[in-house]
Amino acid sequence: MPSNKSVSDAPILQFTNCRILRSHQLQREDLWVRDGKILNPEKLFFDEKGSADIQLDCKDSIITPGFIDVQINGGFGVDFSLATDDFKSGIDLVSQKILSHGVTSFCPTLVTSPPSVYHQVLPQISIRNGGAHGAGILGAHLEGPFISKEKKGAHPEHCLRTFEAGAFQDLLATYGSLDCVRIVTLAPEMKRSSEVIQELTKRGICVSLGHSVANLSQAEEAVQHGATFITHLFNAMLPFHHRDPGIVGLLTSDKIPAGRRVFYGMISDGIHTNPAALRIAHRAHPKGLVLVTDAIAGMGLAPGRHTLGQQVVEIDGLNTYIAGTKTLSGSVATMDTCVRHFQEATGCSVETALEAASLHPAQLLGIEHKKGTLNYDSDADFLMLNDGLYVQATYIAGEEVWRQDALGM
């Protein structure tokens, strides 16, 4: 029978004494990794007669798929919506620092900006795998500028745009290129949005509904044309009303095409949504909930004044406002904090909380065959957590890329 070497020269790692999140349950079994992938130990034993080269005792840690943040505007003084000469070093810094939050891949997010900013910044964002250098980049999330003036939130009004005669061509002219774009947030009540949604969907770009005054039938029509996501549910949209629940009504709509799931982002930081609102959404549609940080440049920095694209924002504790107003503008929460808050606020299982930050965003982006699970042959992007859901170590492609020092554990 062949030895390990005939299949691959890569060492086989066996993580022991752990509880693995697999098939929606924490299971007490070992995790096997080779060549950056999760290995099926039965195939290894029976087909290859192989065994582990390295065994690691996880000391009863939880092992969960790495977190995926599909809405993050920056952090640590870096603002993805600012066109700077050292933009690449900024994105590298953020991707490195968020490893400690358990984020193994993310979508750098740009808020509403002038076309010149998109034209300068987007060519500098490249889709790439994660590693010791930082979390992987799945593509950009463009939040605006095709959004509602009434629900602009922290987006600068003078940069907002509508779809004119060209519709999709207007969008292309604004962004310059869609090469690295993964998600576009737009307001579905805008004229000609349906054809734009169809064109984006055709290109494999996820369309998200947000910063909008859409009623439920407009939102349902957008989903029928291909939209699959809601940007930060409850924030920057019409509040739920019993006669017309607006975009929020998509959570229990009976007009969603068969076989389609609508996902929705939630900023579970204790500021953007009351715990009761979090519980309502989760109980109404648990399989669609995607935790996002919506983090801004001030994440990881001291309180004070920072930027969000064209705006100045003030951080006061966990609150972030457009300077001089009480308009919320993004968050300074980290992804692991959002997971813990979500679990505490809803009383959901540990498995459910972890899947909202891993499996669900992977399903939203259609990458669940390789990210967001610990299934055999998927990417070995995973975290070691303690029972309080604090990150102890982060692994990408089976390589340890961050570990809590001995003092911090």
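Placement of Cβ uses the backbone N, Cα and C atoms for every residue, glycine included.
All protein chains considered, the CB of Asp294 (active site, proton donor/acceptor) has 29 other CB atoms within 10 Å. The feature active site, proton donor/acceptor is assigned by TrEMBL to Asp294.
Residues or ranges marked as Zn(2+) binding site in TrEMBL: Glu143, His211, His232. Of all the Cβ atoms in the protein chains shown, 29 others lie within 10 Å of the Cβ of His211 (Zn(2+) binding site).
Residues or ranges marked as substrate binding site in TrEMBL: Ala154, Asn235, Ala236, Arg243, His272, Leu328, Ser329, Gly330. A C-beta separation below 8 Å, combined with a sequence spacing of at least six in one chain, links His272 (substrate binding site) to His232, Phe234, Asn235, Met266, Asp294, Leu328, Ser331.
Under the heading domain 'Amidohydrolase-related', TrEMBL lists 62-401.
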Candidate nearest His211 (Zn(2+) binding site) in space, where candidates are the binding-site residues Ala154, Ala236, Ser329, Gly330 and distance is Cα-Cα = Ala236
The record names Ala154, Asn235, Ala236, Arg243, His272, Leu328, Ser329, Gly330 as the residues that bind substrate; what is their largest Cα to Cα distance in Å?
-> 30
Ala236 (substrate binding site) to Glu143 (Zn(2+) binding site): how many Å between their Cα atoms?
-> 12
Here the Cα-Cα span from Ala154 (substrate binding site) to Glu143 (Zn(2+) binding site), rounded to a whole number of angstrom, reaches 11
Alpha-carbon distance [Glu143 (Zn(2+) binding site); Ser329 (substrate binding site)] in Å | 13
